């Protein structure tokens, strides 16, 4: 696969007889990175500004639905110190409950699950790990009930413990199948279903668990269980917990938990207040990014492209919602906004000649070379150049690391992959599935996003990590494959209407001589296998710090969410809009008597 990928990238350029002399890098007003030299030649084309308008495509993207004035009008209603004081008091009470030594250990385990799903887990990482370590030290993950055994397994794997799936063998019959007597235990079946998505490649018992629970949970009759449990089953069948983005799940679970008769009032109020306070932080970040995006002026200049600041910000919240990651969210919002704009240049507006030129100039990272670009590409290149250089300058100033070569390599590789897809489109060439995917997991932009994300985390960088980033370690590649396959499942119809032929669905159909439904099944199967590989990659032989591992996994989760019912990024429907509103715009109603 690595060889195929190299061949794809090497085939992305066309040789030209005339070249511009490489120049030294320049940063706006900074000379910190002077001395880096460019080895790649720049093809010198004649001006492309006279290209006929009729040669350019139009995607007819829907307009932006979140305008500047609306975003600036958000009130940040829970940023007051009064709420912060109340939140600290509630959190201390939750901490006391978690650390209660008199509580039965399995009761505490269920409490931890509620704490995590309510969105409070990040406040109690130390306490949660202490409880889970008790289960490891006592070797007591096996319980007589299926639901508690599965819950223990899931939580331990979520926190990186390589607990064996063999603990489920006691629930098998003499033929190696799950006992039919388990079917009536809906809570246990649901718990096993959720646990099965933490499986590694080759864990047959968890594959059996997934097939067994999926079949029987889908067969449940509404009258057989209570409404809350039915709601939980339907929610899980729609998308399992392990593949959901944390903050949207917290909103849903808080509202569901509030209807439970056994709900803990302290947990519930702590979760509601925390959600609203985090939401105010997100709104503040969003307003700052809205001002940045308006100041960039790209949207009115490049009217053919998608204006998707809110959707880009939503991606970053899905990757890292915690207040401490404000700088990371803002940096990634800039990156993803530029990716969206430049993607439309390649997909919709640029001629092949212009795209080859733009790709080569980005690879050179030469500010002087942009003079040969058409006007719409000049503003795009300069926006990219200034933004990436500014991020690199901040890292050099604050961390002492020169990260520019890693950032520009990721951008260059992505644009080469963009260019390959543009060639396939114009040639009406349908590549073989493997050839397509070797290019497409790079073109989907995951490596650019995650490379920036790593450096925005401000970690102490090691040589091993830098090599892993440069070589696109599995923790960059696996989320990118999931991102790509989800994207194709959600956008293939619109892409076909635009005349794009390179798509995993079409390649799969053509190569295997199968119909669209069978191709979708194949892609979903590949998605599941990639998740299994990533589950192991998360903690086995990973050189990356844990926060980055979680952010990389969250990239796959936000991709699943965005493309679950269509193209939630390029053509957001009412479902996508409501997700944004529930996560970023609309607070949860609090108990007025308390505050």
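Just so you know, the numbers here start at 1 and follow the chain as drawn.
Keep in mind that glycine also has a Cβ here, set from the backbone N, Cα and C atoms.
Marked as transit peptide by Swiss-Prot: 1-45. What Swiss-Prot lists as (2E)-geranyl diphosphate binding site is 306, 343, 347, 484, 487, and the listing cites similarity to another entry. For 343-347, the entry in Swiss-Prot reads motif 'DDXXD motif', with the evidence type similarity to another entry. Residues annotated as Mg(2+) 1 binding site in Swiss-Prot, with similarity to another entry given as evidence: 343, 347. If you look up Swiss-Prot, you'll see 343, 347 marked as Mg(2+) 2 binding site, on the strength of similarity to another entry. For 487, 491, 495, the entry in Swiss-Prot reads Mg(2+) 3 binding site.
Its Cβ taken as reference, residue 487 ((2E)-geranyl diphosphate binding site) is surrounded by 24 other Cβ atoms within 10 Å in the chains shown. Residues 306, 343, 347, 484, 487, recorded as binding (2E)-geranyl diphosphate, reach a greatest CA to CA spacing of 19 Å.
Sequence-distant contacts (6 or more apart, same chain, Cβ under 8 Å) of residue 484 ((2E)-geranyl diphosphate binding site) comprise 437, 440, 441, 443, 444, 446, 504. Counting residues of the motif 'DDXXD motif' (343-347) by DSSP class, helix then strand then coil, yields 5 helix, 0 strand, 0 coil. For the motif 'DDXXD motif' (343-347), the predicted model reports an average pLDDT of 96. Classification of residue 306 ((2E)-geranyl diphosphate binding site) by DSSP places it in coil, neither helical nor stranded. Between residue 495 (Mg(2+) 3 binding site) and residue 347 ((2E)-geranyl diphosphate binding site), the C-alpha separation comes to 9 Å.
Annotated Mg(2+) 3 site 487, 491, 495; additional same-chain residues within 8 Å of its Cβ mean position, judged by their own Cβ, are 488, 490, 492, 494, 503, 563, 567, 570.
Of all the binding-site residues listed here (306, 491), it is 491 whose C-beta has the fewest other C-beta atoms within 10 angstroms.
Less than 8 angstroms from the CB of residue 343 ((2E)-geranyl diphosphate binding site) sit 418, 445, each of them six or more residues away in the same chain. Counting Cβ atoms from all protein chains shown, residue 495 (Mg(2+) 3 binding site) has 21 others lying within 10 Å of its own Cβ. Looking at residue 491 (Mg(2+) 3 binding site) and residue 306 ((2E)-geranyl diphosphate binding site), their Cα atoms lie 14 Å from each other. Around the Cβ of residue 347 ((2E)-geranyl diphosphate binding site), 21 further Cβ atoms fall within 10 Å across all displayed protein chains.
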